[in-house]
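Novice: This is the structure, below, for whatever I ask next.
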Amino acid sequence: MALKQVSSNKCFEGFQKVFEHDSAELKCKMKFGIYLPPKAETGKCPVLYWLSGLTCTEQNFITKAAFQQAAAEHGLIVVAPDTSPRGCNIEGEDESWDFGTGAGFYVDATEDPWKTNYRMYSYIKDELPKLINANFPTDPERMSVFGHSMGGHGALILALKNPGKYRSVSAFAPICNPIQCQWGKKALGGYLGPDTSKWEAYDATQLVKSYSGSRLDILIDQGKDDQFLSAGQLLPDNFIAACTERKIPVVFRLQQAGYDHSYFFIASFINDHIKHHAKYLNA
């Protein structure tokens with residue numbers, strides 16, 4: 001599959017690049033950011049996938065999170081895809097910020113008119129890793145995932161639905177229980193239809209209750225003054241309770257007053273997350 005380089009910038013002796021490709025899964029052109037650490041010039045490196053939140057593109061994380069220095073130090077390739085298909089000419093795809101363009105929710109849609117293009121779950125799980133492994137010096141056996149908000153939801157469900165595929169998982173302010181919050185009800189209802197039992201397959205709190213795979217060591221950071229936490233969109237307590245019941249290790253850090261939902265919050269703790277993943281990816 002042909003890759004077209006959009007940009008390349010030297011950064012901490014490695015390179016932050018952006019590529020574009022034609023996605024078979026999403027049936028449109030897609031972009032992704034990829035950071036190649038200096039170690040990638042001489043050998044294969046593990047890959048860490050970042051999933052961004054609502055309204056984001058591949059640009060938000062690579063320009064705002066300040067992760068590149070830590071990724072360079074630990075020898076990690078970091079991939080940051082877009083959050084939805086783009087320009088599919090679906091009626092209504094650009095009408096709201098929390099559904100359609102920029103809001104793929106990392107599910108495979110089953111409802112018209114979304115089911116042809118909105119297959120972000122399969123894109124992230126299968127198509128993108130195959131593309132990355134075929135074109136960059138990766139070690140396909142060493143892969144992890146993390147994300148923010150809607151992308152935190154995406155990271156958690158990918159790890160829980162695919163035991164053993166990812167060596168580690170972490171999230172910033174994830175949407176932990178989408179079947180119980182307004183964002184989730186709107187997105188899952190729109191993409192998957194009115195049968196709420198189908199929604200549970202994309203809900204981390206529900207998935208934890210039946211998880212029986214290899215050990216997962218989950219790290220979650222949450223800002224105390226996150227406006228979406230207080231609005232009941234994130235519901236981390238429900239996820240923690242489910243993990244506790246199933247004895248699944250989760251480190252939940254409620255960061256002090258002042259930390260919100262922004263990339264300033266992410267940049268403040270990103271090094272801890274890179275270290276968390278490096279511990280498993282470089283083992």
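Positions of Cβ are set from backbone N, Cα and C atoms, glycine also.
The active site, charge relay system feature in TrEMBL is assigned to Ser149, Asp226, His261.
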Novice: Cα-Cα separation of His261 (active site, charge relay system) and Ser149 (active site, charge relay system), in Å?
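Specialist: Here the two Cα atoms lie 8 Å apart.
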Novice: So what sits near Ser149 (active site, charge relay system) in its own chain, CB-to-CB under 8 Å and at least six residues off in sequence?
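Specialist: Within the chain, Ser149 (active site, charge relay system) has Cβ neighbours under 8 Å at Gly53, Leu54, Phe172, Ala173, Pro174, Ile175, Phe228, Leu234, His261.
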Novice: Once the chains shown are all counted, how many other Cβ atoms turn up within 10 Å of the Cβ of His261 (active site, charge relay system)?
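Specialist: The answer is 21.
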